[in-house]
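This report refers to the structure that appears directly beneath it.
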Amino acid sequence: MANVTGPQMAFYGSGAATFGYPEGMTVADFVPDRVKHMVLDHWYNYPPVNPMWHYLLGVVYLFLGVISIAGNGLVIYLYMKSQALKTPANMLIVNLALSDLIMLTTNFPPFCYNCFSGGRWMFSGTYCEIYAALGAITGVCSIWTLCMISFDRYNIICNGFNGPKLTQGKATFMCGLAWVISVGWSLPPFFGWGSYTLEGILDSCSYDYFTRDMNTITYNICIFIFDFFLPASVIVFSYVFIVKAIFAHEAAMRAQAKKMNVTNLRSNEAETQRAEIRIAKTALVNVSLWFICWTPYAAITIQGLLGNAEGITPLLTTLPALLAKSCSCYNPFVYAISHPKFRLAITQHLPWFCVHEKDPNDVEENQSSNTQTQEKS
């Protein structure tokens, strides 16, 4: 094993080589002997990265961890406390929060520990495989849960009362199916189809997407199709048709209002336009965030298998992985906490949270009482 004491001491400015490391040293030279067998030949072609990257990534992951714990923990807590939130649709939201929270608690602490311990994998090879499998399980579960959430919203908005109703039994089945799919596609590397290896700057573990044999290629193509392309297609299909259905509905409403009352048309147009813009923006944000976070990592995987892998540097692999895991931070805010019912639950159960959402039932009662008072007078 290469001597890592010298470079670590020298990085503060010997100036003998880039970042103070001896010439010819690679990023793989810092890996302990017990996990050397998990380093792919690809990583021996790259010099060590600036050590400050390890500390920067550690700080970023700590920041994301705090946000993820707060957001996903809040969603689960509110669901357990508020009876009004215990609906079949919200079961999918809670399943998403649960998978994101498990990703956080199983992947973030070891990664941060490695980052602040010199940027090396500090655990055993077996734990590297477990770490990668847990990240794969929770990541795939989140992707498929998002797919099911988008399809449920499509069914509600586009089919309305004519579509099949989401029951508690169906929601339970869908949540279970997401976990079965994720576990089913994450276990094969333990049995010889595909493998888990050290990745990027070698302080985390993931799929092997560089070895170009039939075993690795077929496994990675399958997970790309079933764990990225298919759910991505459903998500895009759902939100495209949601936006189309909303615009078609509002156009029909405007036409009807125009026939009935020209005065109401003006007031309805302003409100309708705001609603259209708000829903279109929400759909665009949902789809855009999903693709922004997951597409770079999927692209790196395919390039590593089928394209020019020389351009895939340690940092170029690490940053897309960070982007993909950041989903666990924004998901609870986009899909739950921004919803009026969740905000109302925060107001009721956590009044110190500085969220003041009005109960629509109270508003209706006040309006009704005001109307009755005016009629009596």
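Placed from the backbone N, Cα and C atoms, the Cβ positions cover glycine too.
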Shared topological domain relative to the membrane, T216 and A345, Swiss-Prot: no
Of the candidates C205, C222, C293, the one sharing a disulfide with C128 in Swiss-Prot: C205
Interface-richest range of 132-151, 171-194, 219-246, 314-338 toward the transmembrane segment (91-115), CB pairs under 8 Å: 132-151
Residues of the topological domain 'Cytoplasmic' (152-170) by DSSP state, where helix covers H, G and I: 14 helix, 0 strand, 5 coil
Intrachain residues whose Cβ lies under 8 Å of the topological domain 'Cytoplasmic' (152-170), provided they are six or more past its termini: 88-89, 91-92, 237-239, 241-242, 245-246
Interface-richest range of 54-78, 132-151, 171-194, 314-338 toward the transmembrane segment (219-246), CB pairs under 8 Å: 132-151
Residue distribution over DSSP helix, strand and coil in the topological domain 'Extracellular' (116-131): 7 helix, 0 strand, 9 coil
Disulfide-bonded residues listed as C128, C205, least Cβ neighbours within 10 Å: C128
